[in-house]
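Here's the structure we're looking at; comments come further down.
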Amino acid sequence: MTKAYLLTVALFALAFSLASASDPSPLQDFCVALKDYSDKSAVFVNGKFCKDPKLVTADDFYFCGLNIPRNTYNKVGSNVTNVNVDTFPGLNTLGISLARIDFAPYGQNPPHTHPRGTEILVVLEGTLFVGFVTSNTDNRLFTKTLNKGDVFVFPVGLIHFQVNVGKTNAIAISGLSSQNAGAITIANAVFGSNPPINPDVLTKAFQLDKKVVKYLQKEF
């Protein structure tokens with residue numbers, strides 16, 4: 001009886017451990033498996049190659065310049081300075097990154113998603129109107145007006161945005177739960193893809209005249 005009980009417990013433990021196992025979150029958009037491991041082009045991995053610990057210095061864990069205002073003279077009136085593993089090697093494998101976002105008066109960080117990270121934002125200067133939309137089928141919109149010192153969180157993968165509703169420049173700092181959270185700006189991805197998405201697809205998807213779709217594709 002005791003042996004049978006122990007065997008049953010062991011099998012349940014094994015089943016639960018397998019059920020809870022999963023692949024780690026990807027750190028890049030895709031990683032196609034190689035059939036030939038001698039392929040000399042196999043340089044992209046899910047992460048980065050590690051520096052010899054003996055050669056690591058304090059400078060590897062240091063980043064400067066986030067205090068410098070960025071140029072916001074562009075179509076959307078904002079500029080995002082990413083501090084991720086590509087610009088700050090010390091973040092590798094730590095699962096965190098951040099960004100400075102500069103806004104011109106009435107500038108915006110257009111609707112976008114971070115496929116690999118949750119974002120938490122704090123306003124340093126100005127007033128921002130922010131929000132995110134939940135997934136299908138509810139598509140519920142959550143919005144808030146933020147002032148200096150206010151904090152807002154955007155759940156991983158959901159479409160969100162920030163707009164400067166003030167007459168002066170605004171600054172925000174975002175923390176992300178990935179060393180490379182990625183960013184997909186909706187308008188750029190849909191109307192500015194390379195090669196372009198067939199206009200017939202977008203015409204039906206957005207219920208727009210094909211001429212409007214082609215115009216938007218030219219803009220992006």
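Cβ atoms here come from the backbone N, Cα and C positions, even for glycine.
All TrEMBL annotations are machine predictions without curation.
Pulled from TrEMBL:
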- ASN109, HIS114, GLU119: oxalate binding site (BINDING)
- HIS112, HIS114, GLU119, HIS160: Mn(2+) binding site (BINDING)
- CYS31-CYS50: disulfide bond (DISULFID)
- 66-214: domain 'Cupin type-1' (DOMAIN)
- 1-21: signal peptide (SIGNAL)
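Projection of TrEMBL feature records onto the structure.
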residue : record               : Cβ within 10 Å
CYS50   : disulfide bond       : 10
ASN109  : oxalate binding site : 26
HIS112  : Mn(2+) binding site  : 20
HIS114  : oxalate binding site : 23
GLU119  : oxalate binding site : 26
HIS160  : Mn(2+) binding site  : 22
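Recorded residues ASN109 (oxalate binding site) and HIS160 (Mn(2+) binding site) have their alpha carbons 9 Å apart, per Cα-Cα distance. Within 8 Å of the centroid of the Cβ atoms of ASN109, HIS114, GLU119, where the record puts oxalate, the same chain has further Cβ atoms from ALA99, HIS112, THR113, LEU121, PHE154, HIS160, GLN162, SER174, LEU176, ALA181, ALA183. A gap of 9 Å separates the Cα atoms of HIS160 (Mn(2+) binding site) and HIS114 (oxalate binding site). Excluding HIS112, HIS114, GLU119, HIS160, which define the Mn(2+) site, the same chain contributes THR113, PHE132, PHE154, LEU158, ILE159, ALA181, ALA183 within 8 Å (Cβ to the Cβ centroid), listed in sequence order. Each residue contributes its Cα atom, and for CYS50 (disulfide bond) and HIS114 (oxalate binding site) these two points are 25 Å apart.
HIS112 (Mn(2+) binding site) is 12 Å away from GLU119 (oxalate binding site) when you measure Cα to Cα. Under DSSP, residues within the domain 'Cupin type-1' (66-214) fall into helix, strand and coil as 22 helix, 57 strand, 70 coil.
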